[in-house]
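Pulled from Swiss-Prot, these are the features on record:
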type    : residues                       : note
BINDING : ASP454, ASP460, GLU463, GLU464 : Mg(2+) binding site
DOMAIN  : 39-148                         : domain 'tRNA-binding'
DOMAIN  : 401-476                        : domain 'B5'
DOMAIN  : 701-794                        : domain 'FDX-ACB'
Amino acid sequence: MKFSEQWVREWVNPAVSTEQLCEQITMLGLEVDGVESVAGTFNGVVVGEVVECAQHPDADKLRVTKVNVGGDRLLDIVCGAANCRQGLKVACATEGAVLPGDFKIKKTKLRGQPSEGMLCSFSELGIDVEADGIIELPLDAPIGTDLREYLALDDNAIEISLTPNRADCLSIAGIAREIGVVNKQLVNQPHFEAVPATISDKVQIDLQAPEACPRYLLRVIKNVNVKAPSPMWMQEKLRRCGIRSIDPIVDITNYILLEFGQPMHAFDAAKVTQPVQVRFAKEGEELVLLDGSTAKLQSNTLLIADQNGPLAMAGIFGGATSGVNSETKDVILESAFFAPLAIAGRARQYGLHTDASHRFERGVDFELARKAMERATTLLLEICGGEAGEICEASSETHLPKVNTVQLRRSKLDALLGHHIETGSVTEIFHRLGFDVTYANDIWTVTSASWRFDIEIEEDLIEEVARIYGYNSIPNNAPLAHLRMREHKESDLDLARIKTALVDADYQEAITYSFVDPKIQSLLHPHKEALVLPNPISVEMSAMRVSLISGLLGAVLYNQNRQQSRVRLFETGLRFVPDANAEFGVRQEFVLSAVITGTAKSEHWAGKAESVDFFDLKGDLESVLSLTEGGNRVRFVAKQFDALHPGQSAAIELDGQEIGFIGAIHPSISQKLGLNGKTFVFEILWNAIAARNVVQAKEISKFPANRRDLALVVADSVPAGELIAACKQAGGEKLVQVNLFDVYQGVGVAEGYKSLAISLTVQDNEKTLEDEEINAVISAVLAEVKQRFNAELRD
C-alpha cells in the first residue's frame with residue numbers, strides 16, 4: 001500500500017515529523033518499506049499563462065511565446081512542446097530557477113530568439129507522470145503562485161507492507177484511524193451529504209448468490225460528461241498512491257478505493273439489460289475483460305451479469321462489453337460487499353491480481369458500501385455533472401458477517417505482556433479502536449468493529465492493547481520464577497552418552513524422515529501394518545515408518561551412489577505402530593537403530609581391509625549395552641525376521657522379553673534395493689535399556705586369581721552365550737570371570753558337535769584359595785553344564 005503523507009494528514013495531523021510518523025506506523029504493525037519525495041528538488045517554478053504563442057521563424061518544431069508569470073512584464077520563452085498554446089496555464093521556470101539535476105535556468109537565445117525561462121514538463125520536475133509535452137494546469141490556477149505550493153509538492157509517498165489480516169489499513173481512512181488512535185487524536189473525515197435522487201431511474205437486482213455477495217448496491221447517474229478532466233488535486237493524490245489518471249469515472253472509483261478501501265465499478269448503462277444478476281459462472285461462459293483478454297470462466301467464479309451474459313468478474317475485473325468509454329452518457333455505479341472466500345484465489349485462477357481482488361479477498365468493511373456510493377456520487381456530480389437516481393440495494397442479512405464479541409481476562413493480559421496496564425487505559429484503547437467494551441469481574445467484553453475481521457480470540461485483543469500502548473512502553477523486566485532443581489535419577493542413562501559411544505566407534509548420526517515409501521516398507525516388513533497418510537507430500541512419503549531401518553537403508557544407498565562404500569550410521573527416533581489399545585490408535589516407540597556396510601576399518605597400510613560381519617555390529621551393540629543397567633542380562637537368541645538373512649539374524653532379549661533385533665539384510669531384499677555388499681542392522685527399544693549401572697565401590701582382592709581352561713563338547717545347537725551364563729550361575733561368587741576363547745569343529749569332535757574352549761577365573765577377597773576350593777567351583781560348573789547341555793570334557 002502506497003499513500004501520500006499529506007493526504008493522511010488531511011484526516012489526522014499529529015505534531016510529529018515524517019520520520020517519527022513512519023516509526024509510529026511501523027510500531028503499529030504496518031511496516032514502512034520506503035519513503036520518497038513526490039517530486040524532484042527544484043525552485044523558482046511558478047504558475048504562468050501563455051498569452052501569445054507563435055511559430056518560431058527559423059524552426060518548425062519550436063514556438064515563441066509570451067508568458068505572464070505575475071511580474072511587471074511578459075516573459076519571452078521559446079518552447080518545443082506540441083501542446084503549447086495560447087491561454088494555457090503552465091509551469092514556468094523563471095530565470096535563476098534550479099531544476100532537478102542542478103540544472104539552472106538562464107537567459108539565452110534559441111535559434112536567434114530570446115528565451116527568459118522554460119515551460120516545464122512533469123519529467124523535468126522529477127514528477128512521475130506519463131504525459132507528453134508541458135504541464136497543463138487548471139484554468140483557475142493563480143498566476144505567479146509557486147508551483148510547489150500550488151500542487152503541494154512538499155509531500156512524501158510512504159509505502160507500507162501489510163499482513164493479510166490488516167485489510168482495514170488498505171486505505172487512507174484505515175491508516176489515519178490507526179495514527180489517530182496511537183496519537184489520541186480524532187480523525188477528520190471528509191464531510192459530504194447523502195445525494196438525493198433527482199431522477200426516478202432504478203436498477204433491478206437479481207441476487208442469486210447471497211452467500212457470496214450478501215450486499216450489492218447500484219445507482220444510475222444520467223447525462224454525465226465523461227470527457228470532463230479530472231481535477232488536478234485528484235490526479236495528484238492518485239499519482240502519489242501509485243495510480244495513473246485515466247478518465248474521471250475511473251479516477252473517481254480509484255479515489256474511493258484509496259480513500260475508504262471500498263472497490264467500486266462503473267458500467268455503461270446503455271450496455272446493461274436489467275435485471276442485473278449476481279451469480280456464479282456457468283461452464284463454458286467467456287468474458288472479454290477491459291484489458292482485451294478473454295477469460296474462460298469456471299463455475300466457482302462469481303459474476304455480475306445480465307440476460308445477455310457476463311458483464312464483469314465480481315470483485316476482480318470489469319468486462320469490455322459493459323465498460324465506460326468516451327461515448328458513455330449514463331453510468332451505473334456499483335458498490336458491494338463480496339465474501340472473502342468467494343473472491344480468494346479466483347484472480348490467481350485467471351492469472352490476474354487487481355486492487356479490488358486484493359482487498360475483497362482479505363475483507364472489506366461490510367458497512368461501507370452505501371457510504372462509498374454516496375461519496376462517489378458526490379464527486380461524480382461535481383466533476384462530470386449529471387442526475388442521480390435512487391440507490392438500489394439487494395442484501396441478505398443472514399449472510400452478512402457478524403462482528404465478534406471476545407472476552408479478555410485481566411490475568412491473561414498481565415501474563416502475556418509481563419506488565420500491568422491500568423484498567424482504564426486498556427478500556428480507553430478499545431474505545432479509541434472503535435470497539436464496544438464493558439469491564440466487570442476482571443474481564444473485558446469487547447465487540448469489534450465492522451472493519452476488523454481479524455479480532456477472533458483473546459490473544460488478538462492482547463495484541464491490540466500492546467500495539468496501541470506501545471511495545472517500547474513495556475519495560476524489559478526479566479521474568480521472575482522460583483527455580484527448582486530438576487530431579488535426575490543417578491540410574492538414568494543419558495541418550496547423549498549412547499550417541500557419544502557410537503560416534504567414538506566411528507558411527508555418524510543420521511536423521512531420516514518419519515514418512516517412508518510404503519513399497520519399500522512392505523518389502524522389509526510385509527507382516528506389519530503401517531499408517532497411511534491421507535495427504536502425503538508425495539507417493540514415496542505416504543506411510544509412517546514402523547521401523548527406522550527403511551530410512552537408514554535409504555541413507556546407505558544414497559551414500560553408495562556417491563562412491564561412499566564404507567557407511568556406519570545410527571539414528572534415534574519414533575516408530576509408529578498401529579495399536580487399537582493405544583492412545584489415538586497408534587503406539588509410538590522410541591528406538592535406537594544402526595546400520596553398517598563396507599569394510600570394518602578404514603583403509604590402512606598396516607593391514608588388509610576386511611568386510612564387516614555380524615559380529616562387528618554385535619560387538620558395537622554390546623559396547624553400548626555395557627553402559628546400561630541390564631546389559632549383562634541381554635541375550636542374543638537366533639530368530640528369523642522377514643528383512644534379515646535367516647542364518648545371520650537374532651532377537652535381542654532382556655530378561656526373556658524381546659526388545660529388538662539384529663542381523664544381515666536378506667540378500668534378495670538387498671538386491672531389490674540396489675545395495676552393494678552385505679549390510680547389517682540392529683534396532684532396539686530405548687526405554688528397555690534407558691537405565692545405567694550405578695557405580696558401586698568394590699574391594700579389589702589382594703589374593704591371587706586362578707585360571708582353569710575347559711574344552712567342552714556340546715551339540716551345534718547350543719548357544720555359547722547360554723553355556724557361559726550357566727557357568728556363571730553355577731560358579732557362585734568365587735567365579736569372577738568366564739570367557740569364551742575358542743570354538744572348534746573337526747578332527748576329534750563328532751559331527752554335529754562343537755568344542756567350546758572357555759576360561760574360568762576363580763578368586764576370593766578374603767584368602768588364597770586352596771586347590772580343593774578351586775576344584776569345587778570347577779566341579780559345580782561341570783555338573784551344571786552336564787545337566788543342562790549334556791556337555792562333556794573334550795579328551
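Please read every residue number as a count from 1 along the shown chain.
Any Cβ shown, glycine's included, is placed from N, Cα and C.
Not measured: the values here are computed from a predicted model.
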Other residues, Cβ within 8 Å of ASP454, ASP460, GLU463, GLU464 Cβ centroid (Mg(2+) site): ASN165, ARG452, ILE455, GLU459, LEU461, ILE462, ARG467
Helix, strand and coil residues within the domain 'FDX-ACB' (701-794) as assigned by DSSP: 31 helix, 32 strand, 31 coil
Cβ-Cβ neighbours of GLU463 (Mg(2+) binding site) (radius 10 Å): 15
Cβ atoms near GLU464 (Mg(2+) binding site) (within 10 Å, other residues, all chains): 23
Chain-internal residues near ASP460 (Mg(2+) binding site), provided their CB is under 8 angstroms and they sit 6+ positions away: VAL406, ASP454
ASP454 (Mg(2+) binding site) - helix vs strand vs coil (DSSP): coil
Residue distribution over DSSP helix, strand and coil in the domain 'B5' (401-476): 33 helix, 15 strand, 28 coil
Surrounding CB atoms that lie within 10 Å of the CB of ASP454 (Mg(2+) binding site), all protein chains: 19
The domain 'tRNA-binding' (39-148) - residue tally per DSSP class, helix then strand then coil: 5 helix, 48 strand, 57 coil
